[in-house]
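> Checked TrEMBL, it gives:
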| type | residues | note |
| --- | --- | --- |
| TRANSMEM | 6-26 | transmembrane segment |
| TRANSMEM | 33-53 | transmembrane segment |
| DOMAIN | 78-236 | domain 'Glycosyltransferase RgtA/B/C/D-like' |
| TRANSMEM | 99-120 | transmembrane segment |
| TRANSMEM | 129-148 | transmembrane segment |
| TRANSMEM | 154-170 | transmembrane segment |
| TRANSMEM | 182-208 | transmembrane segment |
| TRANSMEM | 220-238 | transmembrane segment |
| TRANSMEM | 259-282 | transmembrane segment |
| TRANSMEM | 302-320 | transmembrane segment |
| TRANSMEM | 327-345 | transmembrane segment |
| TRANSMEM | 351-373 | transmembrane segment |
Amino acid sequence: MFWEAGSLVLFLPLSFIKSAGGFFLKFLQNKKFILALFFILILFFLKMTYLYFLDLPLSYDEAYYWDWSRFLDFGYYNKPPMIAWIIRVSTEFFGNTEFAVRFPALILTTLTIFFSYLLVYKYFNENKAFLLLLTFSFIPILTVYSFIITIDPPLIFFWILSLFFFLRYLENSNYKNAIFTGFFIGLGLLTKQTMFTFLFLGITYLLIFNKDLFFKKETFLLFLIALLVYFPNIYWNYIHQFILVKHTEEHFSRKTFSLFSFLKFFRDSISVYTPLFLFFLYTGGEYTKKFFKKESEEKLNFLYFLSFPVILGLLFLSFFIKLNVNWILPFVLTGFLFFFAYFSLSKEWEILIFANLILSILLSIIVYLFGYFPEKFPEPFQVLLERFKGWKVLAERVEKYYTQKIPLVTEGRQLAATLSFYVKTHPEVYVMQFDPFPENQYHLWRGVDILKGKEVLIVKKDFSEPYYLKNTKKLDEITIKTTKKRYKKFSIWKGILDF
């Protein structure tokens, strides 16, 4: 059994490299492809230089994922394990630095842009592919995700790779394409729960529109491999009472109608995805009749099926549930692939696309400047960086009182993660648990129950005395300016844990 699994793990990358080698050699004979590749590489190295000199502390989420990477596992409290694995690889090479934590985001976003270009280049039109490349290179959300590590850069990378090979499987349903497609879908499942939508819609599409392909042995193998790759996280959730499912349910708890919620979500979507989002909605609506009449090729139909109906559904859902714009990112990117594959190269569309490109470039320049000179921007912009600010200063103050002989305890994962990273000894921080059900990864790693009756160092927000300490001694109060008008307040206490 282990021999077979090991053989599969060895076979897939070797086979992929061999296939990719012949694949790219063919394209390297095309001058347009070489130009596109050169553009991607130049932009990558410019971004890498920008990232290396970026003086922006990690956000608490970035520090949280870094802390996961110190304790590798097949799952974590609210996400599958891929983000931790990727960060661990980077920090093994570059050390525990801000650059090392974020560098994978740049690599994965760049590869996402490249494979998006390649998809349209191979399956549809070379000129449209280059327009897509220019557009994707400057879309604000992809610019941001080049420098900030979240779950989304690896998700969209595996999403686009899965999509690329799924279209290839629709074109040629052999075992090799089935294996690659299933493998990358599985890696996507190990990244974020959103990938289940790809799996579900892929099955649904074949079952409704291509039953002959759905019932082939190769298709069964495709979906089986995806689930086998994902199985370690299923097992992890099983032994942890499916805590990931319970966490996901929390995102969909509010169900009251709100026009404001929809308008805000729609406005934010246009802001981070540019007006191209509106172009996609227009062409998607126009294409609907052709889709049901089956007037277009299957690859275009699948791009439509994986994007337009889903985004319409999520727009409707935003009336009832607060949605974040990044949640629709893979569907929007798929929608943009559909748009560039479908639209006609008329003068009207070219004018709109180039106008949108100019706007995207201007917005990206603003993003670049904002990262280096946030204090030059108005207060509402500075607030966007609050989650990054203050942690280094706080860690320096904590180091005055912290020794490894006394446990460090906080009241939430934000403080625990950032102190774990920025305190020089990288301590294993405890988090107070006030409810019986775990609320973050720290509650799964180390319970504060074992510290009862022991002396601890408490770091908390605000200046109020922690009620769960006795023989309490206030050591410090810290006020940190984060914007022109806003401050963060923390306090440090020592005492005997008693709750």
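Backbone N, Cα and C atoms are what each Cβ position is placed from, and that goes for glycine too.
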> Can you give the mean pLDDT for the domain 'Glycosyltransferase RgtA/B/C/D-like' (78-236), rounded to a whole number?
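Overall, the domain 'Glycosyltransferase RgtA/B/C/D-like' (78-236) comes to a mean pLDDT of 96.
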> Considering only Cβ pairs within less than 8 angstroms, which of the stretches 33-53, 259-282, 327-345 has the most against the transmembrane segment (302-320)?
327-345
> What parts of the chain pack near the transmembrane segment (327-345), using Cβ distances under 8 Å and only residues at least 6 beyond its ends?
112, 116, 119-120, 123-125, 127-129, 131-132, 135-136, 141, 152, 155-156, 159-160, 163, 194, 197-198, 269, 273, 276-277, 279-280, 283-284, 287, 296, 299-300, 303-304, 306-308, 310-311, 314
